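Features reported for this protein in TrEMBL:
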DOMAIN    42-75  domain 'Connexin N-terminal'
DOMAIN    134-201  domain 'Connexin cysteine-rich'
TRANSMEM  21-39  transmembrane segment
TRANSMEM  77-97  transmembrane segment
TRANSMEM  118-143  transmembrane segment
TRANSMEM  178-203  transmembrane segment
Amino acid sequence: MSWGFLRDLLSGVNKYSTGIGRIWVAVVFMFRLLVYIVAAENIWKYEHDEFECNTKQPGCENVCFDHFFPVSHIRLWALQLIMVSTPSLLVVFHVAYRENREKHRNQKLYKSPGQIDGGLLCTYLVSIILKTGFEVVFLVLFYKLYNGFKVPRLVTCDIRPCPNTVDCYISKPTEKMIFLYLLVATSCLCILLNLSELSYLIFKYSIKCYLKRYIKKHQGLKSNCHKSNIICDNRQAAAGHFHHSSLSLSLNIQDECGKSSLLP
């Protein structure tokens, strides 16, 4: 199986991620993709051939193996890896849509196509929620399918066509359990990183929106105060002009009255 597409996807999303998102990409790439390709795939490669039961009854071994391993660990791990990485395509598609829209209109419609804001922020948050949801679902699925996160050395089986209760032995149980614990620990770490990034983005843009509203409100108050000062200045100027006109009129009347009293 070729993992080149998944590798390119993770490296492409890396440049649009926050610092926590880049750590998530590094964890997925190093502790999941590389571990899967280099070691884990070979450990579970011959799990069916190495599963042995102390009976020669035809079909008994196959039925017991299917009962205890309804889905192969390694295939379920691969499916989990694909599913938790796929939501990142939403971010890639959104950025590609922005760039394509600018290209067709021959003008810059966005300050930065890779900047996490506006619609891209919503897409990014949705991708984080989906990744976290897939992680939790697969952890629960692993726990339910295999009755916990352990790989026993010996299992007993009495399912038909087995003639009686038979003992079946699992190959390399310790090695498989180590990788299973690594899977669970990596999933928990990815969930923690996703929740941290989600909280960081929500807190960051809540503060940003609050500051915008505060500045807008403060500017509105300044503008209202400035308008009020202008109105007050105009009223004072008008009142001063009226007072000056009244005083001049009063002096003129007094002068006229004085002149009239001097006449014979």
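For all residues, glycine too, the Cβ spot is worked out from N, Cα and C.
Note: TrEMBL annotation is automatic and uncurated.
Only residues 6 or more beyond the boundaries of the domain 'Connexin N-terminal' (42-75), in the same chain, are considered here, and those with a CB under 8 A from a CB of the stretch are 36, 145-146, 155, 157, 159-163, 166-172, 175-176, 179-180. In terms of DSSP helix, strand and coil, the domain 'Connexin N-terminal' (42-75) has 14 helix, 2 strand, 18 coil. Look at the domain 'Connexin cysteine-rich' (134-201): DSSP puts its residues at 42 helix, 8 strand, 18 coil.
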